[in-house]
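Chemist: I'd like to ask some things about the structure below.
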2 protein chains.
Amino acid sequence: MRPLSRFFPILDWGRHYNRQFAANDFVAAVIVSIMLVPQSLAYAMLAGLPPEVGLYASILPLVAYAIFGTSATLAVGPVALISLMTALIIGALHLPAGVSPVLAAMTLAIISAAILLAMGLFRLGFIANFLSHPVISGFVSASGILIAVGQARHLLGLPKADGNLAEILAGLVSHAAEMNVLTAILGFGCLGFLFWVRSGLPAILRRLGMAGVWATFVVRAGPVLAVVITTLASWYFDLAASGVKIVGTIPQGFPAFSLPSFDPDLWRQLALPALLISVIGFVETISVAQTLAAKRRQRIRPDQELIALGMANLGAGFAGGLPVTGGFARSMVNFDAGAQTPAAGLMTAVGIAGATLFLTPVLYYLPQATLAATIIVAVLTLVDLKTIIHIWHYSRADFGAMMVTIALTLFWGIEPGIMGGVVVSLMLYLHRTSRPHIAVVGQVPGTEHFRNILRHDVATGTSVLTVRPDESLYFANCRFLEDRIYALIAENTGLKHVVLMCSAMNEIDASGLESLREINARLRDAGVTFHLSEVKGPVMDRLAPSGFVDELAGQVFLSQYDALSKLDPSALTPCRIA
Amino acid sequence: MRPLSRFFPILDWGRHYNRQFAANDFVAAVIVSIMLVPQSLAYAMLAGLPPEVGLYASILPLVAYAIFGTSATLAVGPVALISLMTALIIGALHLPAGVSPVLAAMTLAIISAAILLAMGLFRLGFIANFLSHPVISGFVSASGILIAVGQARHLLGLPKADGNLAEILAGLVSHAAEMNVLTAILGFGCLGFLFWVRSGLPAILRRLGMAGVWATFVVRAGPVLAVVITTLASWYFDLAASGVKIVGTIPQGFPAFSLPSFDPDLWRQLALPALLISVIGFVETISVAQTLAAKRRQRIRPDQELIALGMANLGAGFAGGLPVTGGFARSMVNFDAGAQTPAAGLMTAVGIAGATLFLTPVLYYLPQATLAATIIVAVLTLVDLKTIIHIWHYSRADFGAMMVTIALTLFWGIEPGIMGGVVVSLMLYLHRTSRPHIAVVGQVPGTEHFRNILRHDVATGTSVLTVRPDESLYFANCRFLEDRIYALIAENTGLKHVVLMCSAMNEIDASGLESLREINARLRDAGVTFHLSEVKGPVMDRLAPSGFVDELAGQVFLSQYDALSKLDPSALTPCRIA
């Protein structure tokens with residue numbers, strides 16, 4: 001791959017662009033733009049920022065991603081999860097003098113951009129792998145619930161209430177008397193309509209004979225319809241005078257390019273949250289991008305995706321926006337609508353820019369309850385009960401990590417939730433590797449293959465004991481192995497040889513080597529010779545120069561069958577003729 | 001093992017006690033007591049506490065250990081490392097009203113005792129395994145340097161200076177003008193004498209024909225000789241009047257049993273430091289105990305050792321002492337002196353009690369510089385350069401963890417040092433397992449054994465590709481495996497089958513299972529059948545109910561040889577006749 005194309009994928013797909021692509025991309029862009037205008041306003045509101053910030057954050061990032069991104073159909077912009085995190089982060093800040101929440105959000109996007117670019121340039125993409133699937137799933141589900149419950153106040157016309165689940169619910173209850181009935185009717189009406197559009201309407205459309213593609217389009221346009229109807233109603237009936245909160249004045253046109261704050265105290269407060277947003281945003285982007293790429297047999301490059309995301313957030317930050325990432329819903333819409341290349345994103349950016357220039361006076365009357373209803377419906381699809389059940393059946397450890405993540409996110413917060421989930425996953429992994437399965441193996445008769453004596457019908461002799469630890473030997477488990485071998489020696493009198501079958505031992509660290517030395521010495525004192533078999537290449541590369549092989553009382557055999565052939569051939573049954 | 005003996009090992013060895021044991025134990029006890037009296041004073045001084053505290057902390061803990069401990073020759077009491085940690089912890093406290101440093105030290109010992117007992121009862125001994133050997137070695141070496149440098153001020157008669165290495169050195173330099181010449185002569189004279197006793201004297205004694213045992217005894221008694229001579233000199237020449245700091249009045253007899261403080265604020269401050277002291281003390285004890293047990297082919301029980309240490313610290317706390325643990329030097333002296341059973345420790349306790357009752361007026365004139373010299377010589381033996389070099393050659397990763405531990409301990413502090421070392425060790429381990437070695441394997445001709453095509457002369461066909469990942473499949477590495485397999489498919493056109501050889505795959509977690517499903521689906525779409533071979537029992541136990549085996553396009557083979565026999569027998573060379 002030419003070096004310039006590596007960092008500027010636009011040079012690749014741009015060279016093959018043609019009229020057919022342009023037509024498909026244009027159609028997709030129109031559909032996505034229509035969907036994104038209300039969604040951008042909604043997510044800005046979710047982030048606790050003025051609604052136009054959402055629009056600004058939807059323009060330049062799409063342009064940046066089109067230049068730097070490797071996915072053909074990923075769409076970047078404000079997403080529910082990152083917007084919620086932004087709200088919580090800024091809400092918890094001690095804002096220095098002269099720094100407004102909007103300025104803080106811009107600065108957060110810039111810091112996040114710097115982190116993402118650094119991660120991309122240093123190829124640190126693999127860090128995101130440490131968020132296990134159960135932890136991500138649990139985190140996203142819990143966040144979906146948190147967001148939905150947090151938006152309920154908009155449906156009822158109640159004041160702001162943030163924090164964890166308990167705090168939000170308490171806030172709702174304590175202010176219940178201030179509920180605005182008109183808002184509630186409007187809000188729950190929208191909610192009901194949007195749920196119906198997703199579940200009831202498609203069946204009706206199919207029976208009416210509508211083609212699948214058009215039916216999907218209508219369903220996706222549901223929020224837009226709700227926005228149009230409720231805005232008209234709000235204007236016609238002057239609902240604002242009756243206490244229904246509306247979006248209000250949105251500045252028309254683009255903001256001037258502004259600098260974020262460079263206040264050191266602010267940066268210090270934002271550093272860790274920005275890191276979390278970057279990692280979580282990256283994980284979400286990669287999940288979506290890989291799903292889309294698989295559908296079209298394309299490949300994405302995670303380290304380049306980091307750079308693209310970084311540039312997108314740079315654009316968001318300097319344009320007066322908030323942190324952005326690849327969004328699942330908007331990307332799926334883009335994909336389903338037939339986008340072929342990232343040019344669709346460029347055209348979408350133009351569409352939203354147009355809305356910002358011309359449509360904003362119209363949005364004046366849009367009720368906030370409508371936006372809240374669209375958010376609630378969107379995020380409740382994030383709650384993934386199916387996965388929770390699957391993981392309960394497959395792995396109690398993973399289920400435990402998932403539950404810890406969900407509980408921490410719901411009852412403590414976003415940051416403790418994700419960090420707690422990662423820590424629990426890692427601790428469970430380390431605990432498992434520190435008490436490894438250690439099998440005593442024997443020969444599967446008639447073959448050169450050796451398996452666990454407890455599970456298979458195998459032949460063993462009495463003078464040779466073969467032990468196969470099912471784990472790399474490292475500091476957390478080497479004493480465990482020592483103890484097991486000594487216990488086995490004590491149980492099996494008459495032993496002359498012990499063979500350590502290393503086929504599952506992928507590494508031996510310094511503490512592990514100490515343990516092997518200790519085992520070798522103790523066995524020798526007890527009159528038993530210690531051997532190794534099936535040592536892997538990379539492990540041998542380290543063992544050989546250490547002098548251990550010379551210390552070893554016995555030998556290192558290439559295969560377990562060789563070991564038995566040499567040490568106790570009478571115990572073997574001959575292998576079949578192939 | 002009878003349940004009562006499990007928790008009270010004294011019931012075991014006590015039943016076999018006889019006159020021969022008693023005689024050996026008595027001799028050992030005399031020798032150890034003589035060595036321990038000045039050492040206890042020295043370590044109390046190192047902990048920043050009055051010297052008698054060291055004596056008190058050497059009596060009851062020995063009794064407790066004799067009742068509860070499983071090692072025959074381990075000796076518990078104040079040790080250099082724990083005493084230094086105590087000094088730093090108490091120095092950093094905000095002492096509540098009415099809480100003296102001594103009371104804080106007693107409370108620290110009690111909290112540590114509670115933690116140790118809890119760890120023992122819940123069988124959490126394995127936690128100490130997470131301190132890898134290189135980290136422990138680096139930590140102990142760095143602490144030895146810290147202690148030695150910190151004691152230099154006593155050699156020069158300078159005021160207190162604590163903290164990290166830079167702070168101590170800065171303190172020494174800035175107060176250099178206040179140096180007391182007489183103290184310096186005395187201190188460095190002691191230092192020189194003690195070094196000579198360790199290195200030069202044994203050679204001379206051997207040439208004089210002295211038996212090894214007696215020579216060792218004389219060398220070990222070096223500090224006692226230094227104490228006696230300098231105390232006499234201090235008394236005769238009234239060195240205290242010339243500015244040489246002396247130990248001063250030590251209360252005669254035992255303190256009343258006193259309660260530690262139960263101030264909640266104090267406990268909150270001490271909680272984490274007590275945990276660190278407990279874990280490090282336990283690791284040190286286990287290292288020493290296992291070394292001694294190996295010499296006599298005895299076994300120790302780590303979870304019972306936790307209980308014994310807990311009881312010992314309970315005794316130390318209530319008797320007005322400081323936290324204690326098994327000490328290397330005192331245990332080696334005990335062992336070398338011929339101790340047979342923990343009764344030697346009981347007798348040593350009596351000996352030190354006697355010194356506390358009767359010898360304390362004599363110790364009035366003991367110069368602090370002498371004690372400092374004995375500490376310096378003792379801890380400099382902790383600095384383990386040999387291990388550092390060995391680990392540099394064996395494992396750069398372990399060396400890195402070691403160096404981080406040493407640097408953090410020297411330049412930041414004890415707690416950052418040990419925690420940093422553990423974190424770095426774990427991170428390095430996770431990093432290695434997240435980018436596993438993945439081998440493409442082929443048949444070793446004439447056998448049923450399969451090895452890496454890059455390292456061995458093996459036979460492979462063109463329609464079957466066998467991949468052997470050398471690591472468990474878990475969230476941190478499953479994407480890496482996916483990418484590698486897809487890349488291999490792209491390189492090897494004409495493939496019909498891919499076999500995943502799972503002999504080194506000790507676990508597949510939920511994220512790993514996802515990846516296998518994804519690989520299965522993608523390969524199927526590309527016209528390649530996915531198979532598994534050599535799946536371990538515990539792994540299959542989880543895979544089978546998950547439904548993956550039914551989803552799998554191909555089969556699960558018991559051995560790799562079976563797989564090739566079925567899928568591409570023409571590529572195999574027949575196995576030899578055994």
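From the backbone N, Cα and C atoms, a Cβ is placed for every residue, glycine too.
Automated prediction, rather than curation, is the source of TrEMBL annotations.
Since the structure is predicted, the reported quantities are computational estimates derived from the model, not experimental observations.
Annotations per TrEMBL:
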type     : residues  : note
DOMAIN   : B:454-567 : domain 'STAS'
TRANSMEM : B:21-41   : transmembrane segment
TRANSMEM : B:53-72   : transmembrane segment
TRANSMEM : B:79-97   : transmembrane segment
TRANSMEM : B:103-122 : transmembrane segment
TRANSMEM : B:134-152 : transmembrane segment
TRANSMEM : B:172-196 : transmembrane segment
TRANSMEM : B:208-237 : transmembrane segment
TRANSMEM : B:270-294 : transmembrane segment
TRANSMEM : B:306-324 : transmembrane segment
TRANSMEM : B:344-366 : transmembrane segment
TRANSMEM : B:373-393 : transmembrane segment
TRANSMEM : B:399-430 : transmembrane segment
Chemist: If you count every Cβ pair below 8 Å, which range out of B:79-97, B:134-152, B:208-237, B:399-430 shares the most with the transmembrane segment (B:270-294)?
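Modeler: Per the Cβ count, the answer is B:79-97.
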Chemist: Cβ under 8 Å, sequence separation of at least 6 from the ends of the transmembrane segment (B:306-324): give me the contacting residues as numbers and ranges.
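Modeler: Result: 7, 44, 47, 49, 53-54, 56-65, 67-70, 76-79, 82-83, 85-86, 102, 105-110, 112-117, 119-121, 124-125, 254-255, 257-260, 277-278, 281-282, 285.
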Chemist: Could you check if the transmembrane segment (B:208-237) is in contact with the transmembrane segment (B:134-152), meaning 3+ Cβ pairs under 8 Å among residue pairs at least 6 apart in sequence?
Modeler: no
Chemist: Same-chain Cβ contacts of the transmembrane segment (B:373-393) under 8 Å, 6 or more residues past its ends?
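Modeler: Long-range Cβ neighbours of the transmembrane segment (B:373-393): 38-39, 42-43, 46, 80-81, 134, 137-138, 140-141, 143-145, 147-148, 151-152, 155, 187-188, 190-191, 194-195, 198, 223, 226-227, 329, 399, 402.
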Chemist: Using a Cβ cut-off of under 8 Å, list the residues of the same chain at least 6 residues beyond the transmembrane segment (B:103-122) that approach it.
Modeler: 47, 49, 53, 57, 86, 89-90, 93, 95, 258, 260-261, 266-267, 270-271, 273-275, 277-278, 281-282, 303-307, 309-314, 316-318, 320-324
Chemist: Residues sitting near the transmembrane segment (B:134-152): Cβ under 8 Å, six or more positions beyond its termini, same chain?
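Modeler: Contacts of the transmembrane segment (B:134-152) (Cβ under 8 Å, skipping residues fewer than 6 from its ends): 46, 80-81, 84, 161-162, 164-165, 168-169, 172, 280, 283, 287, 372, 375-376, 379-385, 387-388, 391, 395, 398-399, 401-403, 405-407, 409-410, 414, 417-418, 421-422, 424-425.
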Chemist: Which residues, given as numbers and ranges, are at least 6 beyond the ends of the transmembrane segment (B:344-366) yet have a Cβ under 8 Å from it?
Modeler: 24-26, 28-30, 32-34, 36-38, 40-41, 51-52, 55-56, 58-60, 62-63, 65-66, 73, 75-76, 227, 230-232, 234-235, 239-240, 246-254, 334
Chemist: Using DSSP, how many residues in the domain 'STAS' (B:454-567) fall into helix, strand and coil?
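Modeler: Its residues divide into 52 helix, 21 strand, 41 coil.
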